[in-house]
């Protein structure tokens, strides 16, 4: 560092004096101007220094709380957060795709089931329906078509044959009810009224589901309800069992009595009244008087009782 030393020079002094002459004052003025112009300026040099401290992180050796981020790229936090958000989005998208595909398959299967269930092309006794198991279908066909050995001329009891023939004839209208689509019957009944009952709709769906569940069992063991509220199968089984036992004993009179027993059991009080010889005259008198029999009307149930019976599946005769 060089230090410049400046020697001080003497500066002229300004003296003022009063004199009567102007020459002296002017000369002094000139002298002062020359002396002031000949003076040199002072040079000054100054240096400033500042201390900046450097931060040194502690060593990670032996310190488990310091993460070594030297090998990690910049923006690691943003990469981790973006990856987690992307995984969540992909999981939601995958769940949506799976649920949509499963609901689509379920809808297609339900549509195929309804189209095959309610179509009239492949409903010949539900023989071509894929929803009916083959053992039930074979048993149903075996029960519908009676073998010729049961109606062969070798049978001695003609009444048994007549009962079996009537059994087959009575099965035809019952089977035709299964052939008819159920949805059309419900829609025709709904056209008669503009009132829509939610309770009736729930009851209809419940009965329809029960019918779907019980249709193979009904087809496997068909039960034909006659006008006397007696099963024809029980009638035929009673006749066949009684006739077989009577034929083994060789007593033909007991056969006729056994045949008459179901008729007595199935006969209603009105039929007993009509079949009795004492009631012939009363029946003729009633017809001549214009059928004066008055049936006592039943008291209509209350709305709450009607809804309870409807939900329980009980049908009331009007």
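Note: Cβ is positioned from N, Cα and C throughout, glycine not excepted.
When you go through 193, 231, 288 in Swiss-Prot, the residue listed as phosphoserine is 288. Checking 26, 119, 246, 279 against Swiss-Prot, you find phosphoserine recorded for 279.
Noted from Swiss-Prot: of 59, 282, the annotation phosphoserine belongs to 282.
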